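One structure below.
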Amino acid sequence: MASKLIAPSLLAADFANLQRDIEMVNQSDADWFHIDIMDGVFVPNISFGMPVLQAIQKHAKKTLDVHLMIVDPDRYIKTFADLGSDVLTVHYEACPHLHRTIQAIKAEGMKAGVSLNPHTNVSLLEDTINDIDLVLIMSVNPGFGGQSFIENTYEKVKQLKALIERKGAKTIIEIDGGVTNKNAKQLVDAGADVLVAGSYVFKSNDQLETIKNLKAIVNT
Ligand SMILES: O=C(CO)[C@H](O)[C@H](O)COP(=O)(O)O
Ligand SMILES: [Co+2]
């Protein structure tokens with residue numbers, strides 16, 4: 001069985017000490033950097049944009065997992081490729097031509113991710129799942145870190161896993177929002193492959209130890 005991955009979300013990092021926090025992730029047992037881009041339109045919050053991502057890319061030594069919470073993401077696919085994104089995830093709810101968007105992400109050499117809001121049913125990916133490299137299931141409403149995990153997520157992960165298997169797809173499943181040591185094991189048991197953790201990692205007293213423990217929990 002492939003090892004399960006941990007992706008600390010820099011949304012919860014100390015932006016006045018961003019390089020320090022990036023180096024912490026570089027040295028940790030974490031696998032990916034999760035980077036949340038919010039436009040204040042698709043979600044009711046603005047996070048950061050291209051200059052900050054450029055600065056992150058200069059120091060980050062692991063996979064850049066970029067989560068776009070923006071309207072009309074097609075406009076910026078090439079820009080995010082040029083900024084070093086390895087995985088580029090768009091929201092299902094923001095893409096009227098999802099199939100075209102997925103192909104455009106892949107054409108730029110990135111893995112294509114599609115994220116589902118808590119209210120969006122997994123079955124809507126029936127016709128695109130074989131083209132999607134990663135599905136990101138939101139386990140909170142997107143826009144803010146530090147929110148409580150929505151319990152219905154376990155059921156959604158199971159439904160998505162069943163869809164992937166039924167279609168013979170190679171898609172991996174990522175979970176984002178309110179992940180802690182309390183729900184991590186149950187999420188991987190339901191079928192998750194990658195867990196994003198923001199506040200749980202960065203607000204802890206020993207971040208390296210927190211990541212190490214989370215990684216151990218999901219791989220036992
Ligand atoms: O996409 C996100 C919010 O829209 C963040 O990735 C997510 O909230 C992670 O933060 P936390 O672990 O603190 O919930
Ligand atoms: Co995110």
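Placed from the backbone N, Cα and C atoms, the Cβ positions cover glycine too.
The annotation active site, proton acceptor is assigned in TrEMBL to ASP36. According to TrEMBL, the active site, proton donor annotation covers ASP176. Under the heading substrate binding site, TrEMBL lists SER9, HIS67, GLY143, PHE144, GLY145, GLY146, ASP176, GLY177, GLY178, GLY198, SER199. Taken from TrEMBL, the feature divalent metal cation binding site covers HIS34, ASP36, HIS67, ASP176.
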Given a 10 Å Cβ-Cβ cut-off, pick out the one of the binding-site residues SER9, SER199 that has the most other Cβ atoms nearby.
SER9
Whole-number Å distance between the CA of GLY145 (substrate binding site) and the CA of the residue listed as 'active site, proton donor'?
10
Check the DSSP secondary structure of the residue listed as 'active site, proton donor', expressed as helix, strand or coil.
strand
List, in residue order, those recorded positions out of ASP36, HIS67, ASP176, GLY178, SER199 with a Cβ under 6 Å from any atom belonging to ligand 2.
ASP36, HIS67, ASP176
Cα distance (Å, whole number) from HIS34 (divalent metal cation binding site) to ASP176 (active site, proton donor):
9
Comparing the Cα of HIS34 (divalent metal cation binding site) with the Cα atoms of the binding-site residues SER9, GLY143, GLY178, the shortest distance belongs to SER9
Measuring Cα to Cα, how many Å separate HIS67 (divalent metal cation binding site) from ASP36 (active site, proton acceptor)?
5
Quick one: pull the CA-CA distance for SER199 (substrate binding site) versus the residue listed as 'active site, proton acceptor', whole Å only.
13
Site extent for substrate (largest Cα pair distance over SER9, HIS67, GLY143, PHE144, GLY145, GLY146, ASP176, GLY177, GLY178, GLY198, SER199, Å)
16
Here the Cα-Cα span from GLY143 (substrate binding site) to ASP36 (active site, proton acceptor), rounded to a whole number of angstrom, reaches 9
Sequence-ordered list of residues in the chain of ASP36 (active site, proton acceptor) that lie 6 or more positions away and have a Cβ within less than 8 Å of its Cβ, or none, is SER9, LEU10, LEU11, SER47, HIS67, MET69, GLY145
I'd like the number of other C-beta atoms within 10 A of the C-beta of GLY145 (substrate binding site), please.
22
In three-state terms from DSSP, label SER9 (substrate binding site) for me.
strand
